[in-house]
Amino acid sequence: MQLLDGKKTAEDIKNEIAAEVQSIKDAGGKVPHLAAVIVGTNGASLTYVGSKVKSCQQIGFDSTLVSLPEDITEDELLAKIKELNEDDDLDGYIVQLPLPKHIDEQKILLAIDPDKDVDGFHPTNFGKMALEMESFIPATPFGIMQLLERYKVETAGKHTVVIGRSNIVGRPMSILMSRKGNPGDSTVTLTHSRTKNLAEFTKNADIIITALGVPEFLKADMVKDGVVVIDVGITRVDDASNPKGYVIKGDVDFNEVSKKSSFITPVPGGVGPMTIAMLLKNTLLARKMRSAKK
Ligand SMILES: Nc1nc(=O)c2c([nH]1)NC[C@@H]1CN(c3ccc(C(=O)N[C@@H](CCC(=O)O)C(=O)O)cc3)C=[N+]21
């Protein structure tokens, strides 16, 4: 069993980006500038946005945190987005999801300038991804592809089973694994809450990618020997014995499933840190594209 160490790989990627930022600076250029919009306060969202800001400082990006009240109207949020689209200093931004229920998420994502959409959630970028054109790849799927690439996990001709069809992980992941190239060239099954006999699929999978949010859902008897397991689940489970008051659990029963795996990601320290690294990578790409345009 080999661990796919997201924490270490994310550090490597951040160091590579930091070196590029330094050479931009040396050449007298403008460093990338990333903003995050967060509406209201949710513990997990704050953690994520907090580590993003910290990473920006670490690698020499400019960063802006746009904190908006929970009761902001849709029109007010759209006005803010227009402002960010027009801000010439800003290279890319994300609008942290989920948004409060009174705001139409689709409408907000459509308003983001696709050239600044470093989350890759705008239909233009999603479409380009599906058509194998160059685009911003959503950070979590992009991070998973990087892990597979850097650890030289074979994917061509393999049967990949994705569990979960969310717009930000499961569905884009199924598209990326079926695209031509390495990693890719996989035969993909996208499973979800209406799938019957899920274990019949997972037992036949060479690669399993779980993005479900159900702690320890995937058990050892659901996988075959030598399987590659990518665990995208991160659920906070109350735990009074932990100083934080909670522990983070993935979708995979790691202790048992790891015994049968050829490669497996841990939680925490797997896909999560990669997500942040790839968001930074997309922001660097956005900066390069914008400077090439002028
Ligand atoms: N527009 C938007 N884009 C996102 O990419 C996005 C989002 N909204 N909303 C929330 C989810 C969640 N997400 C995480 C990223 C990193 C970790 C991460 O680094 N996790 C650490 C543990 C962190 C902890 O202690 O909670 C780990 O897995 O090792 C977690 C969660 C990005 N998301």
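Placement of Cβ uses the backbone N, Cα and C atoms for every residue, glycine included.
Automatic prediction, not curation, is the source of TrEMBL annotations.
The 10 Å shell around the Cβ of ILE234 (NADP(+) binding site) contains 21 further Cβ atoms across the protein chains shown. The NADP(+) binding site feature in TrEMBL is assigned to GLY164, ARG165, SER166, ILE234.
The domain 'Tetrahydrofolate dehydrogenase/cyclohydrolase catalytic' (4-119) scores a mean pLDDT of 95 in the predicted structure. Annotated domain 'Tetrahydrofolate dehydrogenase/cyclohydrolase catalytic' per TrEMBL: 4-119, in sequence order.
Residues or ranges marked as domain 'Tetrahydrofolate dehydrogenase/cyclohydrolase NAD(P)-binding' in TrEMBL: 138-289.
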Per-state residue totals over the domain 'Tetrahydrofolate dehydrogenase/cyclohydrolase catalytic' (4-119) - DSSP helix, strand, coil:
61 helix, 19 strand, 36 coil
Scan GLY164, ARG165, SER166, ILE234 for binding-site residues whose C-beta lands under 6 Å from an atom of ligand 1 and note them, or write none.
ILE234
Just checking a number: largest C-alpha distance across GLY164, ARG165, SER166, ILE234 for the NADP(+) site, rounded to a whole Å.
16
